[in-house]
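Working notes, beginning with the structure itself.
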């Protein structure tokens, strides 16, 4: 009886690891432009999931400890025209779309690597247009 419970727990853990690996997922983000003074929601794809990582107890200064995160491997950019902007303003908005994901080091030059970023639904204007 105890062995079958342990086996079930082991299989459940293996399922959690393999089924929630780093992969593409659909998300909704808020986009805004200063000239338009409002936000709209758009759908795109981004990377989500778990990556195997470890934090060493004894730190070795000669070997940097890099945590792996689920991040994009390939990106394309799409452009939309924001509706309802002022007549002479630039209403084009370009946003990233992930096309391939992997577990790797977070690139702070192109990604918000903070623990608590603003989040994809943040709108600085406080007004969302449908």
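Here the Cβ of each residue, glycine as well, is placed from N, Cα and C on the backbone.
Per Swiss-Prot, disulfide bond is recorded for 22-70, 36-85, 39-123, 47-101, 51-103, 106-113, and the stated evidence type is similarity to another entry. Look at Swiss-Prot and you will find 26, 43 tagged as N-linked glycosylation site, backed by similarity to another entry. Swiss-Prot lists 1-20 with the feature signal peptide.
Here the candidates are the disulfide-bonded residues 39, 47, 70, 123. The one whose C-alpha lies nearest to that of residue 85 (disulfide bond) is 39. If you check the recorded positions 22, 39, 43, 70 against residue 51 (disulfide bond), the ones with a Cα inside 10 Å of its Cα are 22, 70. In the shown protein chains, 15 other C-beta atoms lie within 10 A of the C-beta of residue 123 (disulfide bond).
Of all the disulfide-bonded residues listed here (101, 106), the one with the fewest other CB atoms within 10 A of its own CB is 106. Neighbour counts were taken as the number of other C-beta atoms within 10 angstroms of each residue's C-beta; across the disulfide-bonded residues 36, 39, 47, 51, the minimum falls on 51.
In sequence order, 26 are the recorded positions from 22, 26, 103, 123 with a C-alpha within 10 Å of the C-alpha of residue 43 (N-linked glycosylation site).
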